[in-house]
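Visitor: Here's a structure for you.
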């Protein structure tokens, strides 16, 4: 049976080789002086439950969950934070005792924290989110709670409609319709897809953006991406990748486990080099 052992904290996903989480948590450990043995584990598909059970039965104290397991991890937990319960998606687990695993979702607070750091967001901002998958699901509740209005653009409209139905009680959220042009340009556009939509004939009209629109890619590649190239064509100079979100969500996971929130900014600068 697949096993992870000899450490207390881990990130589970498939694939996982690209993960920067072990590096980030190593920096947190050195900074805070908290012993924090953290590794990455590639989990075979359909094996998450068995892997997590084995991990927590041994020395496991906390775990991060990445694609494609966040919604599956939600059902593994028997206690949930409010934001995890609303998102129905979990990226952080904490062992409370031998019988209870707490599930949290720090993706949304991670994104919101980075947007505030960048001065990319204000209350009442109009936000367009590209994508209606797990990445979008995890961030909607904090953005709506902050007071922003959200439109979701997704090629499969039904998936966007499902998210709107799930989250409409928490704020102003709608499906973006390219046939009904937005009168006012968006203040912020967030790419929540792993592969940015490249079909120019089936995308967002430039009438919906301005030179003041901010662009945020939840992916954290430092090289130019299609989303980056598209944002530049709008005339905007406000663009960021998702490195800051990655570090902030990791910091909030660390806080859940140790009740200490690490310093953030220098780690973001380090990873962006």
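Every residue, even glycine, has its Cβ placed from backbone N, Cα and C.
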Visitor: Of the candidates 108, 110, 242, 244, which does Swiss-Prot annotate as part of the NADP(+) site that also includes 131, 132, 133, 134, 135, 218?
Guide: 242
Visitor: Determine which of 54, 107, 114 appears in Swiss-Prot for the same shikimate site as 19, 20, 21, 66, 91, 220.
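Guide: Site partner of 19, 20, 21, 66, 91, 220 for shikimate, according to Swiss-Prot: 107.
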Visitor: Write down the Cα-Cα distance for residue 135 (NADP(+) binding site) and residue 107 (shikimate binding site), rounded and given in Å.
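Guide: Pair distance, Cα basis, whole Å: 8 Å.
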Visitor: Looking only at DSSP and grouping its letters into three states, which state does residue 218 (NADP(+) binding site) belong to?
Guide: coil
Visitor: Between 132, 135, 218, which of the binding-site residues has the fewest other CB atoms within 10 angstroms in the structure shown?
Guide: 135
Visitor: Is any of the binding-site residues 131, 132, 134, 135, 242 within 10 Å of residue 220 (shikimate binding site) (Cα-Cα), and if so, which, in sequence order?
Guide: 242
